[in-house]
């Protein structure tokens, strides 16, 4: 029974050995490629070698320069912030002190602005009283020698007139100090010879009356300006705290003019019209000369 089973297996092994032997493989290969011929080998040229070397160099260069194959991360645009210490950080006390300092500065600036506004709004007041002006005038008159015939306007040229000066004296001082330009007809209201009266509460009335007197062509001078001087005096009475000295001069002039007719035995109502007109011509800054005349009459 076993012999009949081994015989077919031995015949199969022999067939496999015969097909896998080297001689069988060579013969089978010869039979398979008998109709074909081997392809001839092509000779390489220098152009192909140059192309191959160029491609190799380009690949190496791209590998070394491309960021794709780089191991390091690219640098960021911004730099890292520096480390802060505790000394650099502001404390609560420092912040409170800074706020207090700023508040004090704002308060000081506000007070300075208010003081400047008050100073600008306060009108200019005469710096000297009538008594001081009269005393100065008498001292100057005594200082001048008797034989000196030089006019007073020339000896006091360039000096600011007193607050009690008459319109004629103001005009002379204005002409001497260049406040009035006769060629152009302009009046410099900022001239110190006017005593700052053009910038007070009644500055407009003073400008109107003084300019009318300067440009007046009537005889006696200023006869056509009586109404304007009356308006100016009415304005002075509204501000007695500013023009108190000028109002006192006007009252003294009125008392002197009223006492003169009584001393002569004539009634006060018969006072000449010219005296009344001269009284109306007295501006805000006059009249020291009237006070001197009153003393001489007494």
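In case you wondered, yes, glycine gets a Cβ from its N, Cα and C as well.
If you look up Swiss-Prot, you'll see 34-52 marked as topological domain 'Mitochondrial matrix'. Averaged across the topological domain 'Mitochondrial matrix' (34-52), the predicted model reaches a pLDDT of 75.
As annotated by Swiss-Prot, transmembrane segment applies to 53-69.
Summarising the annotation, Swiss-Prot assigns topological domain 'Mitochondrial intermembrane' to 70-298 and lists sequence analysis as the type of evidence.
Per Swiss-Prot, the feature disulfide bond maps to 191-193 (among others). When Cβ atoms from all protein chains are considered, those within 10 Å of residue 193 (disulfide bond) total 22, not counting its own.
With DSSP classes pooled into helix, strand and coil, the tally for the domain 'CHCH' (199-243) is 30 helix, 0 strand, 15 coil. According to Swiss-Prot, the domain 'CHCH' annotation covers 199-243, on the basis of sequence analysis.
The motif 'Cx9C motif 1' annotation in Swiss-Prot covers 202-212.
For residue 235 (disulfide bond), other Cβ atoms within 10 Å of its Cβ number 19. Annotated disulfide bond per Swiss-Prot: 202-235 (among others), in sequence order, evidence recorded as sequence analysis.
A simple way to gauge crowding: the CB of residue 225 (disulfide bond) has 25 other CB atoms within 10 angstroms, across all the protein chains here. Taken from Swiss-Prot, the feature disulfide bond applies to 212-225 (among others).
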Disulfide-bonded residues (191, 202, 212), the one with most neighbouring Cβ atoms at 10 Å: 202
